[in-house]
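**Q** Residues annotated as active site, nucleophile in TrEMBL: Ser210. If you look up TrEMBL, you'll see Asp369, His397 marked as active site. As annotated by TrEMBL, substrate binding site applies to Arg282, Asp398. For 13-27, the entry in TrEMBL reads compositional bias 'Basic and acidic residues'. Annotation comment: TrEMBL describes 28-44 as compositional bias 'Low complexity'. Feature annotation from TrEMBL assigns domain 'AB hydrolase-1' to 105-403. Per TrEMBL, region 'Disordered' is recorded for 1-68.
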Amino acid sequence: MTAQPQQPPSLDARPDHAHPGHARPDEAASAAARPEQADSDAGPDPGPDRDGARPARAGWQPGDPVGRRRFARLARPLDLERGGVLPEVTVAYETWGRLAPDRSNAVLVLHALTGDSHVAGPAGPGHPTAGWWGALVGPGAALDTDRWFVVCPNVLGGCQGTTGPASAAPDGRPWGSRWPEITVGDQVRAEEGLADALGITRWAAVVGGSMGGMRALEWAVGRPERVAHAVVLSCGAAATAEQIALYATQLAVIRADPHWHGGDYHHLPAGLGPRTGLALARQMGQVSYRSEAEFAHRFGHRVQPDGRYAAASYVEHHGHKLVRRFDAGTYVTLTLAMMSQDVGRGRGGIAAALRGVTVPVTVAGIDSDRLYPPRLQAELARHLGTQAVMVTSEFGHDGFLLESAAVGRIVATALGSTG
């Protein structure tokens, strides 16, 4: 698949003072170390909306400041694994560092469910939150931009510049309820189109956690000739029954919102849209993203002055925070993709698919993760003929974002082995 970038990729690693999207590792590490401000896929609270009312749809929209984004339009329609086709696909992405003349130093970083292409850099026009992995990107960091050309796309189905349910269909109206079901494999095919647009035939590494880890694994299994090393964090080889049940319940809450309208809510005025359903879904998810031990010692049975339990206030905050920057339709389509994840589908099963992987894969997880527990990484590593690396953390699933030092060492070691 070929594609053409609509704007040239940023190939230069400019100094901090000249590059508004570049995060100093020490500053980013300090921000990431404040767990009370961190959620599962984003940085600090973006604050109140300019007009005081949350829009029916959130996320980046054409006409908004582009920030550090670049855009690539796939040259051909994207055929989908479960049938159907997306006739036009645009991928939003950001880059850091300088691409080598032989294009051998490119590293693909893949975000999780409610993340975006803004891996590093401050909040600002076009970017409501600071970079979600800023401590890992920059000169001398794990993803050393003096050596590597780092690329991060917004995922297919996303709401931060890449084509998704809130995007305009060929008839000019938002896709909404007409948006087709997509899979992790479809998302990787779109990312392959971006690689083609950038002239990158082989990634030095593909790195991702959670939903990003699923895509990194899919790259290694389905396109080993295009990946020198995969780093797969905090995910498994296939969705478990418990994950499917949890995700399905979150989707049911969104769809039960009277403003969901079957997914066709994008025309509604500011203040409407399925905000309540999305906020409640996020509250449910937030519990699974952190560990029971952290909830116990951080909140306990404490009641706030306003009469609310501290733990309840915490998850409510994260629910309200998400609806200011994320689209409910995107939450639904990406969650469905995670529910359908099965690296063995069409490949003779998980064991057969993983035995056939011909590139090195680093597998790592968080020891307190109850959403993607360590046994899933152990199983994945066993089939790959390696051992999983476990990070000790009280932050649960969110540890892959918050444990910057430990995760950075894992990523740096993996990239060091690529030569």
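Cβ coordinates are placed from backbone N, Cα and C, and glycine is handled just like the others.
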**Q** Using DSSP, would you call Asp398 (substrate binding site) helix, strand or coil?
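**A** It is helical.
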**Q** When you measure from the Cβ of Asp398 (substrate binding site), how many other Cβ atoms are you left with inside 10 Å?
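**A** Around the Cβ of Asp398 (substrate binding site), 28 other Cβ atoms lie within 10 Å.
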**Q** Under DSSP, is Arg282 (substrate binding site) helix, strand or coil?
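**A** Its secondary structure by DSSP: helix.
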**Q** Rank aside, I only need the closest one: which of the recorded positions Arg282, Asp369, His397 has its C-alpha nearest to that of Ser210 (active site, nucleophile)?
**A** His397
**Q** Which number gives the other C-beta atoms within 10 angstroms of the C-beta of His397 (active site), all protein chains shown included?
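**A** Result for His397 (active site): 27 neighbouring Cβ atoms inside 10 Å.
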**Q** For Ser210 (active site, nucleophile), what is the tally of other C-beta atoms lying within 10 angstroms of its C-beta?
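**A** Neighbour count, Cβ to Cβ under the 10 Å cut-off: 27.
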**Q** Could you measure between Asp398 (substrate binding site) and Asp369 (active site) for me? Cα positions, answer in whole angstrom.
**A** 8
**Q** On the 0 to 100 pLDDT scale, where does the domain 'AB hydrolase-1' (105-403) sit on average?
**A** 97
**Q** So for Arg282 (substrate binding site), how many other CB atoms are inside 10 Å of its CB?
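**A** Taking every protein chain into account, the count is 27.
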